[in-house]
Amino acid sequence: MSSLTHFDAQGQAHMVDVAAKPATHRVAVATGRIEMQPATLALIESGTAKKGDVLGIARIAGIQAAKKTSDLIPLCHPLALTRVALAFALAEKGNAPQVVCTATVETVGPTGVEMEALTAVQVALLTIYDMCKAVDRGMRITDVHVLEKHGGKSGSYLADPQG
């Protein structure tokens, strides 16, 4: 495992200097899910939630979040993102009705977009919670992680499908 890059020789936090790194095509895919009551999933699926189109609003929130990641995470570089896409799948895993969110983020730049993909997923899922909390305060956001990343010196990463 390599050393932490966000600390200088004195142990002080700093933003990593990426000026000498080449701009390469970078892609990151992250996912997560929100578990809920069956009635809540039915509201989302039917489009009858009081606050409107839950997944449409969550998609826009996730896109906005990816673009604002460097404002939220102190040592992240501001990046010119070339693509942010969010997909939602409604499913039942065991006895847990859920919405699974997957975000794909791309750029051509000197640093990766994993944080942007993770932020997009988290904020999209938080938006679902916000829009449905009046009917289901027991929703649970879980399993947020990077599925894959490509580009840069460290190459590709694929999460273990077994978890």
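From the backbone N, Cα and C atoms, a Cβ is placed for every residue, glycine too.
The substrate binding site annotation in Swiss-Prot covers L75, C76, H77, M115, E116. In the three-state DSSP scheme, C76 (substrate binding site) is classed as coil. Under 8 Å, Cβ to Cβ, and six or more positions away along its own chain, C76 (substrate binding site) finds T69, S70, M115, E116.
Of all the Cβ atoms in the protein chains shown, 15 others lie within 10 Å of the Cβ of D130 (active site). Under DSSP, D130 (active site) is assigned to a helix (H, G or I) in the three-state scheme. Marked as active site by Swiss-Prot on the basis of sequence analysis: D130.
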| Cα-Cα distance linking D130 (active site) and H77 (substrate binding site), given in Å to the nearest integer | 28
| task | Would you mind pulling the longest C-alpha to C-alpha span across L75, C76, H77, M115, E116, which the record has binding substrate, in angstrom? | result | 12
| request: Would you pick out, from the binding-site residues L75, M115, the residue whose Cβ has the largest number of other Cβ atoms within 10 Å? | output: M115
| field | Residue pair D130 (active site), L75 (substrate binding site) - Cα distance, angstrom, rounded | value | 27
